[in-house]
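Heads up: the structure comes next, in structure tokens.
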Amino acid sequence: MSIKSDRWIRHMAQQHGMIAPFEPGQIKQNATGQRIVSYGTSSYGYDVRCSREFKIFTNINSTIVDPKQFDNGSFIDVESDVCIIPPNSFALARTIEYFRIPRNVLVICLGKSTYARCGIIVNVTPLEPEWEGHVTLEFSNTTPLPARIYANEGVAQMLFLQADPDDVCQTSYRDRNGKYQGQTGVTLPRT
């Protein structure tokens, strides 16, 4: 597998709809000229933004977190330009961008250093071959203080790995009817 460059990312987004909406360059300021956490195409990746849709984890129901029987009541829904994550807690969000991953590509998501240096960790599982949808993002606040996440700004970087032509997967995410195929909002655990 080889990592793909900005040239390849632009081609796949603009000619094949791999990322929508798509920003071919790096955006570092908003419309009023204020500096923001950058998003868009980088040298070997794509920096995604999160939408204004957040689910903030709370333990008001004193529940046990169980991925097989997840209690939706464990989250507070928030729609805002800023999400404040409680200390030592987490929040879910989704990307603004919708992805359509080709059969010969695997995408790895890494957090942006701006957030990592503040103790905010981004966790996303790989975007598998032929998966499509908005990416559900998990932000962990590892600090003992509240932490902010900004909507419509960069939050994570996607790295695109392309398989050699003779080594394309036999079974894609679409082939096996993956449970998160086509997700459009912040998606909670499914079994």
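Yeah, the Cβs are placed from backbone N, Cα and C, and that goes for glycine too.
Residues or ranges marked as active site, proton donor/acceptor by Swiss-Prot: GLU138. Within the same chain, the residues at least 6 positions away from GLU138 (active site, proton donor/acceptor) whose Cβ sits under 8 Å from its Cβ are PHE90, ALA91, LEU92, VAL122, ASN123, VAL124, listed in sequence order.
DSSP assigns THR114 (dCTP binding site) to a helical segment in the three-state reduction. The dCTP binding site annotation in Swiss-Prot covers LYS112, SER113, THR114, TYR115, ALA116, ARG117, THR136, LEU137, GLU138, GLN157, TYR173, GLN183.
Within the same chain, residues at least six positions away from THR136 (dCTP binding site) with a Cβ under 8 Å of its Cβ are LEU92, ALA93, ARG94, VAL124, TYR180, GLN183, VAL186, THR187. Around the Cβ of ALA116 (dCTP binding site), the same chain contributes VAL122, each under 8 angstroms and 6 or more positions distant in sequence. According to DSSP, THR136 (dCTP binding site) sits within a strand segment.
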